[in-house]
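Novice: One structure, pasted below without further comment.
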Amino acid sequence: MVRKNAFDYANSALMLLFCCSIIVPFLFVVSQSLMSNEDVLKHGVTLIPKHITFYAYKYLLVDNTFLYRAFANSVFVTTVGTGLCLLVTGGMAYALSKKYLPYRHAITLFVMATMFFSGGLIPSYLLVVGLGLKNSLWALMVPSFLSVWNMFLLRNFFMELPREVEESAYLDGANDVTILGRIAIPMSLPALATIGLFYAVGFWNSWVPASIYLNDPDKWPLQMLVKTLLTSFDPSQGGGSQDLLMVLSKDSVRSAAIILTTLPIMLVYPFLQKYFVKGITVGSIKG
């Protein structure tokens, strides 16, 4: 039996405080989303609402359609963007993991430099406009096709794959593309799942590119819509009956929007959790 020392107890206490600092505010947001305007004015926001109502969710999910459009846009950007990012990142990581690649070190240094130096916001905007991506959902994906940090994690993972397996495939007549698709990728699912989760969360939570590149509100992703709800929301501008608007709280609608936005990632994460720790630890050891 392993005996715990003072450091273990202190570490556990700090982790408990850290978890409480995340969970308790989230529970207050959940509680506020279930409160009516009358309860908010009379009792304030409490951890357990006096009366549970679903007025805010009815306003967002039943009486209005803008949330569904934004949700569909976010799903498209997240799924397509994550898939293309994994394709680009995986191809580059596999190529740079091969020691026989010409100018491998020069390419690695060139790519690494982009982690510390970038063209800036205005050149990026002009590039997106020049590519004809302005006011298009592709403007939210194309500039993010490659994360250098994720590429290096995946490259390190590829470098740890058994060399003997690839040599056997070469002897059987396989080329690099075949080895990547049939050997390297299936053996790298933990790393791919981890990096895919990074990309997916990044796309799902991103709203700044939408505020820069999108002029049409119908193309807004969910986070851009939530940002608008948090800063300049007026329930009377949307749908909903007059009776509902009378009992509706602005803050309850905002809290409900936050919950609905967070829920998809919270539902997906448990299925990828078993890959997460393994993918990070293995991909970050070897440089």
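Glycine too: its Cβ is placed from the backbone N, Cα and C atoms.
TrEMBL does not curate its annotations; it predicts them automatically.
From TrEMBL, here are the annotated features:
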type: DOMAIN; residues: 71-269; note: domain 'ABC transmembrane type-1'
type: TRANSMEM; residues: 12-31; note: transmembrane segment
type: TRANSMEM; residues: 70-95; note: transmembrane segment
type: TRANSMEM; residues: 107-131; note: transmembrane segment
type: TRANSMEM; residues: 137-158; note: transmembrane segment
type: TRANSMEM; residues: 179-201; note: transmembrane segment
type: TRANSMEM; residues: 253-272; note: transmembrane segment
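How about a rundown of where these features are and what they're close to?
Specialist: Within the chain carrying the transmembrane segment (12-31), a Cβ under 8 angstroms from the stretch's Cβ atoms is held by residues 45-49, 255, 258-259, all 6 or more beyond its ends.
Remote same-chain partners of the transmembrane segment (70-95), defined as residues 6 or more beyond its termini with a Cβ less than 8 Å from a stretch Cβ, comprise 101, 111, 137, 140-141, 144-147, 150-152, 154-155, 157-158, 176, 180, 184-185, 192, 195-196, 199-200, 203-204, 219-225.
Here the transmembrane segment (107-131) has long-range neighbours at 92, 96, 101, 139, 142-143, 148-149, 151-152, 212-213, meaning same-chain residues at least 6 beyond its ends whose C-beta is under 8 angstroms from one of its own.
Listed as Cβ neighbours of the transmembrane segment (253-272) (distance under 8 Å, sequence separation of 6 or more from its ends, same chain) are residues 29-30, 32-33, 56-57, 59-61, 67, 193-194, 196-197, 200-201, 204, 222-223, 225-226, 229-230, 233, 235.
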